[in-house]
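Have a look at the structure below before the remarks.
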Amino acid sequence: MVVQSKHFLNTAPSLVLDSLEGLCTINTHLALDPTHRVVYLADQDRSKVALLCGGGSGHEPSHSGFVGQGALTAAVCGNVFASPSAGQVRRAIDLIDNEKGTIIVVKNYTGDVLNFGLAKEEYAARYPNKADRVKFVIVGDDVAVGKTQGSIVGRRGLAGVCLVYKIAGALAQTGASVDEVYDVAQYVSSRLGTIGVGLDHCHVPGTAVPDTHLGANELEIGLGIHNESGHRRISPVPPLNELIPTLLEMITSTTDKERSFIPFKNDSTDRVVLLVNNLGGLSELELGGVVAEARRALDKSGIKIMRILSGSFMTSLNMPGFSITVLLLPAANDTGTPSADLILSLLDDSTNTPGWKWSSRSVPKPPSVSSSLPTVTHAKAWSASLKAPDINQFNSAVERACRALITAEPEITYMDSIAGDGDCGLTLKGGATAVLEALSKGSISGNDVLGSVITISRIAEDAMGGTSGALYSIFFSALAQALAKSSSSTATQEVWRTALEAALGRLYTYTRARPPSRTLVDPLAAFIGTLSSGLAAAVEAAREAAEGTKDMEAKAGRSAYVDSIKLKAERVTDPGAWGVKVVVEALAQ
């Protein structure tokens, strides 16, 4: 696949500091030491334990976005995917010096552990009277790294660290001692499991575009947040209802000898916090689907979800992927551990950190549809007296038009990829497919022309959607109204002509498009305006109008938002206009 390698920046070296300045500009409770790239609380309560974290940039909102009351006190930012130096970390420790002590939380990466650890030891050497008040927590929650490999390097730190920030930070905010905050942070860290999956690697600004060798229909499980290779690759990309259970099994399994990191009982008594994290390049639409499927999979496994969090917590620049984190809460009969109620209350406590995402602070309810919604019924408002002169011919014409649209989908899609947003062909195909289904069920028939037109209007609204669906639905609704006024019992060409003229007039009240406009209105108006001269002449007029859009300046519709110079150079026909041409040609065969 092709990695997205274009970025908005001044220069690659200035990007991190520019971003931190922007963060502190928006959030006035944050301060910035630009020399050492430390973001810290501007008005710190020095009577409480401080939390410090950091690491390479490129994971925003981690880590600087989690500085705030009830979370981190400061964050140290290195270059993209590079640990900050020990000198930067020492400066951060000094900035948040306090009366109770400091907890340093780092993800398990060699550079972070070494540089933050060196800063801690140097601080302790410089201030021996404060040495026991600086604690060190290493978070390794990645389950992609098995125990054999992990025995050497340990599990990598991923999005689970964000839960440590929030829970430990909220406890510190209550005035707890440094040992109390440390113990809870360590406990939460030990109960975390995270697995990531990506469709491609990310691109680091200022570097060459990597060749990931990931195919167009391939994904990678266990992909690291610094472009590290994953656990395995899968092709083709499976649906979520197959992928998500596989990922969760890697976290919750107690039989996998290479994993089983977390003491799940898998006896329907386990309670968890679920965190679904966007790795940077996933759409909100897809992320919602991941959340829904993760919830279904955990429910099916008998694991009770006490809280769900979703959004961008620990990203990998623009990586198209997500990670799932599960925090196993303590059981009711566990001893010597913080209670589940305490952990959940700390997770729910308010914070002004810009990176923390809203949550309902409650056990998620299952999706449900109310059974008390009123049922509205209407008597049929028209008689079925308006019939086609030849019922079989009517049905055949409708079928031809639909199949012609389906066949033309690739051509129309290509046109719309240049002149619009690329979905016109699929939209028309979706509508045509639904009309064919209604035709096969008898919902559309020449025996009831008016009812058929109303059915097509509803299909346009439901199966097509968007602007095209609305336009077609309005037109066919108006056409049905005009046909209903006819005194004839047969839908003759004159009945159709009169009704079509009325429908076009009604459509004009909802769109500014008038011929010539480079829209579907051009061939539609040409067809209706020429119908009095015969069907063949009307079809030819529609064909000429559709062809003419390739050299026309757009005055409305999708093409109005596309560079006119590009359109003229490409000489591509308007896709909506071409769709109308395809329909009327097929109807007239």
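Even glycines carry a Cβ here, placed using N, Cα and C.
Because TrEMBL annotations are produced automatically, they should be read as predictions rather than curated entries.
The annotation domain 'DhaK' is assigned in TrEMBL to 11-356. For Gly56, Ser57, Gly58, His59, Lys107, Asp112, the entry in TrEMBL reads substrate binding site. Positions annotated as active site, tele-hemiaminal-histidine intermediate by TrEMBL: His226. The domain 'DhaL' feature in TrEMBL is assigned to 392-589.
Taking only the Cα positions, the spacing between Gly58 (substrate binding site) and His226 (active site, tele-hemiaminal-histidine intermediate) is 9 angstrom. Counting every protein chain shown, the Cβ of Ser57 (substrate binding site) has 23 other Cβ atoms within 10 Å. Sequence-distant contacts of Gly56 (substrate binding site), defined by Cβ-Cβ distance under 8 angstroms and a gap of at least six in the same chain, are Cys77, Gly78, Asn79, Val80, Phe81, Ala82, Ser83, Pro84, Gly111, Asp112, His226. In sequence order, Gly54, Gly55, Ser62, His63, Gly78, Val80, Phe81, Ala82, Ser83, Tyr109, Ile225, His226 are the residues of the same chain, not among Gly56, Ser57, Gly58, His59, Lys107, Asp112, whose CB sits within 8 A of the CB centroid for the substrate site. Over the domain 'DhaL' (392-589) the predicted model carries a mean pLDDT of 90. Residue pairs drawn from Gly56, Ser57, Gly58, His59, Lys107, Asp112, the listed substrate binders, are separated by up to 14 Å at the Cα level. Cβ neighbour density within 10 Å is lowest for His226 among the recorded positions His59, Lys107, His226.
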